[in-house]
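Scroll down for the structure; my scribbles are underneath it.
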Amino acid sequence: MQSFETLEKLLGYSFKNQELLIEALSHPSLRQHHEYKYDKDYERLEFLGDAVLNLVVTEILFRNFASYNEGNLAKIRSYLVCKETICVVGTKLTLKDYIIMTYGEEVAGGRDNPNNIENAMEALIAAIYLDSNIETTRNIIGKLWEEFIKIQNLTDYDPKTALQEWAQASSHHLPIYRLIKREGAAHSSTFTVLVKVKDYEQTGTGHSIKEAEKNAARDLLHRLQDV
């Protein structure tokens with residue numbers, strides 16, 4: 001297990017109360033085995049962290065997406081606080097290396113379990129909030145989620161770049177575009193392009209290949225917000 005000091009450097013935050021940090025990283029399996037002598041785990045902090053993350057993300061979207069209506073804001077928030085996004089953030093922090101768990105949980109694959117990474121990440125947010133204040137927590141979440149929020153800003157006017165950044169942020173291969181159909185006369189052709197990222201595919205049409213690629217990327221990004 002790595003030292004907590006390394007994790008704190010990655011977060012850009014040093015805990016005043018180390019007990020909060022330990023609690024945020026303690027898997028529930030520890031309480032089920034008395035030989036480990038842990039009387040707390042991250043479940044209560046996870047509950048609070050989920051609410052804090054939703055509040056902070058909602059506020060960030062409200063301030064930065066003034067032209068978006070309630071429905072669009074809700075879709076973006078769902079994407080930013082979904083399990084996959086939280087897991088990506090936790091993975092970038094190498095959070096799995098810091099979770100304290102029983103030997104049995106570890107050999108069962110618990111360190112790589114996305115649920116454990118998500119839960120610990122939410123608990124860590126709550127621990128930061130309790131150890132500091134909402135402003136500090138807002139700044140840390142803003143930094144950790146920055147690339148995902150940036151993607152939302154790019155989606156409408158530069159969806160190809162937004163999709164590429166989403167792929168990179170999610171540790172996937174870069175998008176692959178393929179022309180699959182061309183219809184109509186030479187001066188008024190309609191092009192259909194297929195874009196693929198990991199297991200996700202989407203088609204888009206346009207009066208040029210560039211336009212078709214842009215539409216495919218935008219539609220795929222909108223789909224990914226609902227995943």
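Just so you know, glycine gets a Cβ as well, placed from its N, Cα and C.
Straight from Swiss-Prot, the features:
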type     : residues              : note
ACT_SITE : ASP50                 : active site
ACT_SITE : GLU122                : active site
BINDING  : GLU46, ASN119, GLU122 : Mg(2+) binding site
DOMAIN   : 4-133                 : domain 'RNase III'
DOMAIN   : 158-226               : domain 'DRBM'
Do you know the DSSP helix, strand and coil residue counts for the domain 'DRBM' (158-226)?
30 helix, 23 strand, 16 coil
Would you mind listing, in sequence order, the residues at least six apart from ASN119 (Mg(2+) binding site) in the same chain with a Cβ closer than 8 Å to its Cβ?
TYR42, GLU43, GLU46
Cα distance (Å, whole number) from GLU122 (active site) to ASP50 (active site):
6
Secondary structure content, the domain 'RNase III' (4-133) (per DSSP, counts of residues):
95 helix, 2 strand, 33 coil
Residues other than GLU46, ASN119, GLU122 within 8 Å, Cβ to Cβ centroid, of the Mg(2+) site?
TYR42, GLU43, LEU45, PHE47, GLY49, ASP50, GLU118, ALA120, MET121, ALA123, ALA126
Taking every protein chain shown into account, which of the recorded positions GLU46, GLU122 has the largest tally of Cβ atoms within 10 Å of its Cβ?
GLU122
Cβ neighbours of ASP50 (active site) where a neighbour is any other Cβ within 10 Å:
18
